[in-house]
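Asker: One structure, pasted below without further comment.
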């Protein structure tokens, strides 16, 4: 299997798993668990599980140098701050709308790569972004007569920018660009956890979870949108680049549609089918594209 296909598969898995955030987070909110406590459990469990996996099964070294320490610290804080702002936005606007707005991050990635790393934006890339944007717009489903909360939108845009900076950093920061994906992902989780420890005043304000179902939700958050998503997105970025990986993120809303149809008895409408078709067209365009220089 060549690098492009492997990278595309990992990018698709990363998008689908990251799109599962609301599935596990919203039941915890409904039970009264606060944002920082939810994310603390998510990252803490992920660090423990992934650390054991790397040391006991993969038997890889987790040693890092001082030169690698600070880039990993900043990447961890960018990623965790992106999670924090997205989860905060769920309190102001519907989760589906928040995840839809979050998809501006591929545009942020493309702009950052073009402005600061001189990456040429091809006609194919622009077409793919426009197609996926159009598809996302068709998937948007707000309540009749509802208006978007500006504060919530601003928080989601901040989340998108932080996520874009993380994606760009993984590919372009020299001390970590050639680091093994599992080691990089582990330290991103570990350093990301620091943000929630501080926000919870060194865990003195941590809410205790006492229901088995909520523990299942925390393990779901740790496994799917954290461990699996981080590992696969890192592999994808290293194989096919930041911009292409970001565009593959259009598959995230499809995760919500899948769970909605399978578990919540939502119906597939013509509008949703057209939206899915546009997104898949954009993704296929990215995967099969040739390097056509932009005029």
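For all residues, glycine too, the Cβ spot is worked out from N, Cα and C.
I grabbed these lines from TrEMBL:
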DOMAIN    6-140  domain 'EamA'
TRANSMEM  12-32  transmembrane segment
TRANSMEM  38-57  transmembrane segment
TRANSMEM  69-89  transmembrane segment
TRANSMEM  95-117  transmembrane segment
TRANSMEM  124-142  transmembrane segment
TRANSMEM  148-168  transmembrane segment
DOMAIN    152-287  domain 'EamA'
TRANSMEM  184-201  transmembrane segment
TRANSMEM  213-233  transmembrane segment
TRANSMEM  245-264  transmembrane segment
TRANSMEM  270-288  transmembrane segment
Asker: Taking 3+ C-beta pairs under 8 angstroms (sequence gap of 6 or more) as contact, is the transmembrane segment (213-233) in contact with the transmembrane segment (270-288)?
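Answerer: Since fewer than 3 Cβ pairs under 8 Å link them, the transmembrane segment (213-233) and the transmembrane segment (270-288) do not come into contact.
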Asker: Looking at the stretches 124-142, 148-168, 184-201, 245-264, 270-288, which one shares the most CB pairs under 8 Å with the transmembrane segment (69-89)?
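Answerer: By the under-8 Å Cβ criterion, the transmembrane segment (69-89) pairs most with 184-201.
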Asker: Please report, as numbers and ranges, the same-chain residues at least 6 past the borders of the transmembrane segment (184-201) whose CB is under 8 Å from any CB of it.
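Answerer: Contacts of the transmembrane segment (184-201) (Cβ under 8 Å, skipping residues fewer than 6 from its ends): 36-37, 39-40, 43-44, 46-47, 50-51, 54, 62, 64, 72-73, 75-77, 79-81, 83-84, 166, 170, 176, 226-227, 230-231, 234.
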Asker: Mind checking how the domain 'EamA' (6-140) divides into helix, strand and coil residues in DSSP?
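Answerer: Going by DSSP assignments, the domain 'EamA' (6-140) contains 110 helix, 0 strand, 25 coil.
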Asker: Grab the pLDDT values for the domain 'EamA' (152-287) and give me their mean, rounded.
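Answerer: For the domain 'EamA' (152-287), the model's average pLDDT rounds to 89.
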Asker: With DSSP, how much of the domain 'EamA' (152-287) is helix, how much strand and how much coil, in residues?
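Answerer: Secondary-structure breakdown of the domain 'EamA' (152-287): 113 helix, 0 strand, 23 coil.
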